[in-house]
Amino acid sequence: PPGQLVAQIVAVACSPPPYQSTDAAVHVELIKLVVEGVVSTDEVHGITLVHSVRACFHVAMFSEGPGSGIARSSAHAALQRVVGSVFERLETDEAEKLSAKVAEAERLARETGEAQEEVANEVCR
């Protein structure tokens, strides 16, 4: 599936040390890849997500040389976007779980009410 491919690409790009000794233009491309991979699919998670955040943080803090200002500001914005996206996913997942629990509780309440009604009818006969 395409999402898993994106996750694999992000994993390879963000595993150390490629981003540690490259120029700012490569850093900017890495940041674009991370943002697109994390925001566009929910397949980037676990250690790949941690490596993605670490790569962005590293570029934001330690990028040097010509063009490093652009790389740093891009990495800073990417960190905000990636972390925001992760929290949005968590909130969505929690809302979906809560919605499923409410639906299950309503179903059980209906079934219990129907069973109580049947017992009451049997008793009244």
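Backbone N, Cα and C define each Cβ position, glycine as well.
The coiled coil feature in TrEMBL is assigned to 88-115. Sequence annotations record features per position, and here TrEMBL assigns domain 'Mon2/Sec7/BIG1-like dimerisation and cyclophilin-binding' to 23-93.
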>> Checking distant contacts: for the coiled coil (88-115), what same-chain residues at least six beyond its ends satisfy Cβ-Cβ under 8 A?
In response: 42
>> Over the span of the coiled coil (88-115), how high is the average pLDDT in this prediction?
In response: 85
> Do you know the DSSP helix, strand and coil residue counts for the domain 'Mon2/Sec7/BIG1-like dimerisation and cyclophilin-binding' (23-93)?
Replying inline: 60 helix, 0 strand, 11 coil
